[in-house]
Structure formats: C-alpha cells, structure tokens
Amino acid sequence: MPRFLPNLNYSASHVVEILELLGLDTCHLTLTSRLSGGQKKRLAIALELLSNPPILFLDEPTTGLDSSSCTQTVSLLKRLAQEGRTIVCSIHQPSALLFEIFDKLYAVASGKCIYSGSVKDLIPHLSSIGLHCPPYHNPADFLMEVAIGEHGTDVETLALAAKVTEMRAFDEKEEKKLMEESFKRSKKSLMSAYLDEMSPLPAAVIMQFLLLYKRNLLENKRGYIYLLNRLVAHIAIGFLFGYLYRGVGSKANTVLGNYVYMYGTLLLLVYTGKMSVTLQFPLEMKVLASEHFNRWYKLTPYLLSVILIEIPFQVLCCWMYLLISYYLTEQPLDFRMYLFVLFTTSCTLCAQAWGYFVGATTPLKVAVFLGPVIACLFSIFGFCITYLNTPVYFRWIYSISYYRAGFHGIVYSIYGFHRSPLECPEEELYCHYSNPQKFLEEMGIVEVDLVSNISVIVAIWCLMHAATYLSLWFKLTKR
C-alpha cells in the first residue's frame, strides 16, 4: 500500500474502539458544542488516546463537573491505567470516593513534597508524625488542612517526614523489586517498539492535507450561514454599486464617476478579502498549537488546507459582485472585461494573503485594527496621489503597493489600448474626456505595464503566504 494511504480500516476501528471505551459511542454524531461537561472531558481524553500514548498527563480533569461526572471520569482513568498506561493528573480536593480510586499520591505544599506514596498509606504516615485523621473524615480534606497548617505542623516538618519515609522505603527488598520491575518495563518497551514497527505508518503529508481539507469542508458546511452572508453581501453591494453608477462605463461625461466606481470596487474586494480571514489564526491558534504539539499533522498541510478552502469562495464572491456591477455600469464586453476580472481577482486574493499574515503575527484586537489601516494605506497610492506628487521618501510604498498595481491595471484595461472615443450625450455641450487617452494622461496612467503589475501582485501574494508560514512556524516551535 502506498505510504500516503494509511490503513483506513485500522484507523476507523481504532476510533470506534476508543469511543466505546469512553462511553461516547452513543453520541458520536453529536456536535461538540452540544455535549455535556463530562462528555467534553472524555472527548478530550479520547483525542489524546488516538495516538495510543503510554503516558497521559491531565490537568484537573474533574474541574467544573458534578459528582457523577467526576466519578465517571476518574473511573475511566483508572480503567485506562489498568490497561498498562501511566496516568498522571492533578486534582484539587477530591471526594473520599474519588480519592480511593488513585493508586499513587504526590502531595505538594509551597512547592515542596509533603507526601509521596500510595493512597492507603497516607493515614498511617500522618499518624506516625502525630497527625491523626478523625474517623469518617475525608483523608483528602484532612491532608489539605495539614498542608495549610491548621493542625500546627509546618511545611518544613511535613517535607522532612516525607523524605524520611521515602528513604525507609528503599530497603534492599524494595530495591530488588524495583530492579525486577525495571527489567520487565524494559522488556515491555522493546516489545512495544517491535509492535510499533509492525503498526501502520503515519499518514504522509498529502494524506494529512486531504484529511484536513475534508475537515475544513465539514466545518464550512456546518457554518454555512457565515458563508451565505458573505455571498449575499457581495451580491447586494453589486446591485447597489451597479444602480448608483449605472451606465458610467460607456459615456464620456461620466468618466470620473467610472473612475470612482473602479476605486470603490477594488477597495471593497480588498477589504472583504482581507477582513474575512484576519481572525482565522487568532481564533484557531490554541487548537492548532495543541494538535501540532501532539504531532497530529504538520504545518504545511494545515496551512494549505486553510488557504485552498478560502480561495475558491473568495473568488466566487468577487465574480458574483463583478458579474452584476460590471454589466449594470455598462463596461466594455470585450477583452477588457477579462483583464478587469483578472486584476480585481488577483488583488482580492493578495489582500487575503495580507489578512492571513496580519492574523498570524498580531493579537486578536490588534489584527482587527491593523487590517483596515494597511488596506487604507496602500489605497492612497495610485488613486489619491500620483507618483510624481508622492514624496520621495514614500515612493517605495508606491512601488510595492498591490492596490496601486491592481487599480492602474483595471483603469488601463478599461480606457487603455487606444480605446475609441467615448459617446458624448447630446444634452452635453462639451465632454472633456471624449478621448480616453486624455483621461489617462491626466491621471498619470499613460504607460502601464500590465505584466509587471500582475507580477507585483503575484510576488506579494507569494511573499505574504511565505511570511505567514514562517510566523506560524515560529509560534509553534518556540514553545
């Protein structure tokens, strides 16, 4: 079997086995948001068990649960421990019933160990240093009282007693027993390593990408309201712009109005492309960090699955807007239309790449603020100010502005290429821009290298995605 195709039957049966083990088989089709508190705790454990770890660390697995759910969760952990796993968890003030389920106890107060040993030996140990637990009193509560000094014994005394008890435990008989257990564990470890070699290989990058892509599709299917709102908004604004600027693309007396329409169109698509994804990574970073730390998948397939899910939908929204507004504004229906679509689509995708980068590098609140500021900054160059009027020390921004490259591209696509004179309505005495070339000269867009402009946009698109990858990689590896 090819490496990028893991044993799917084994994986499916393993998932079913874990669900049955944790008692989640009856709710395997339920959304996570609709699970109870105890079920969510068990689901978190189930996710960790997918890789079949020999050691499992849990931080307060019973916090926020009622007594019944606490008992179920701890009993489950006990059953997992009896199957050969090492379960280590922190817990605060367990009930007497829960306390008895644990095998070993390690109690800490003020950063020092005050007891280390079996649960059943706790009360005799405390009695040996003059601390007698009252009958019918929860040993865990009594230990907490002792730790905070309610019974007159300080932490130093407790820590010293714990060390003495620990030293006594290491007699010759115990040491021999430990050596035998160590040998057994080594033998078991070697056997486990052999079994690991015989087990199915982990999924390759392409399979990780396909699975993550499928997961993202499922998430978008469940959250279709958000996608539908985005699509409807583009369609509605397309009709609005088309109505406000209807017919401006074919007449000489409305050239400036068409100029504003093109600016507004590009600005809209830049904002929607950028802001629709700016919160992608800030909202998912915690989950991504956890899953990547557990080595469920690599960063490359994850990032590709996110980008390739979003690009087609943003292109669809862009084209739906252009289909409506371009026709209503009576723009030329020839090769210019394809150039117009090319530059607007490439600009919205470039803005999307900027959105990913901003979201990956800044906190949530900063990303929401910084995204529009960057879009506004780049939109100034090419529309509000020409290159000659740009201060020398700001001309580098003019050169790298993807908005400038896209805006000049769509303006030149509509009015360049020696377009024939525009129609001047009879009621107008004079149309200053009957010759489109005159308009391009006044706007400083006479000689536009469309290939160079589209190359700038594509280069920035690639650069921003690469920067996003490096930013996420740094965040995931610095821990």
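Cβ coordinates are placed from backbone N, Cα and C, and glycine is handled just like the others.
Within the model, the domain 'ABC transporter' (13-63) carries an average pLDDT of 81. Among the features that TrEMBL reports, domain 'ABC transporter' is placed at 13-63.
The annotation domain 'ABC transporter family G' is assigned in TrEMBL to 92-149.
Summarising the annotation, TrEMBL assigns domain 'ABC-2 type transporter transmembrane' to 208-414.
The transmembrane segment annotation in TrEMBL covers 193-213 (among others).
The annotation transmembrane segment is assigned in TrEMBL to 225-248 (among others). Counting same-chain residues at least six beyond the ends of the transmembrane segment (225-248), those with a Cβ under 8 angstroms from any Cβ of the stretch are 254-255, 257-258, 260-261, 264-265, 268, 272, 276, 313, 316-318, 320-325, 327-330.
Residues 230, 233-234, 237, 241, 245, 248-249, 288, 306, 310, 314, 317-318, 321-322, 325, 329, 344, 347-352, 354-356, 358-360, 362-364, 367-368, 371-372, 374-375, 378-379, 383, 403, 406-407, 410-411, 414, 468, 472 of the same chain, all 6+ positions outside the transmembrane segment (260-282), place their C-beta atoms under 8 angstroms from a C-beta of that stretch. As annotated by TrEMBL, transmembrane segment applies to 260-282 (among others).
Here TrEMBL flags 302-323 (among others) as transmembrane segment. Listed as Cβ neighbours of the transmembrane segment (302-323) (distance under 8 Å, sequence separation of 6 or more from its ends, same chain) are residues 208-209, 212-213, 215-217, 220, 227, 230-231, 234-235, 237-238, 241, 265, 268-269, 272-273, 276-277, 280, 288, 292, 340-341, 344-345, 348-349, 352, 356, 465, 468-469, 472.
Summarising the annotation, TrEMBL assigns transmembrane segment to 335-354 (among others).
Taken from TrEMBL, the feature transmembrane segment applies to 366-388 (among others). For the transmembrane segment (366-388), same-chain residues at least 6 beyond its ends with a Cβ under 8 Å from one of its own Cβ atoms are 263, 266-267, 270-271, 274-275, 278-279, 282, 351, 354-355, 358-359, 394-395, 397-398, 401-405, 407-408, 443-444.
Among the features that TrEMBL reports, transmembrane segment is placed at 450-474 (among others). The list of residues near the transmembrane segment (450-474) in space but at least 6 beyond its ends in sequence, with Cβ under 8 angstroms from a Cβ of it, reads 281, 288, 299-300, 303, 307, 339, 342-343, 346-347, 349-350, 353-354, 356-357, 360-361, 400, 402, 405-406, 408-409, 412-413.
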Structural state census, the domain 'ABC transporter' (13-63) (DSSP three-state): 28 helix, 5 strand, 18 coil
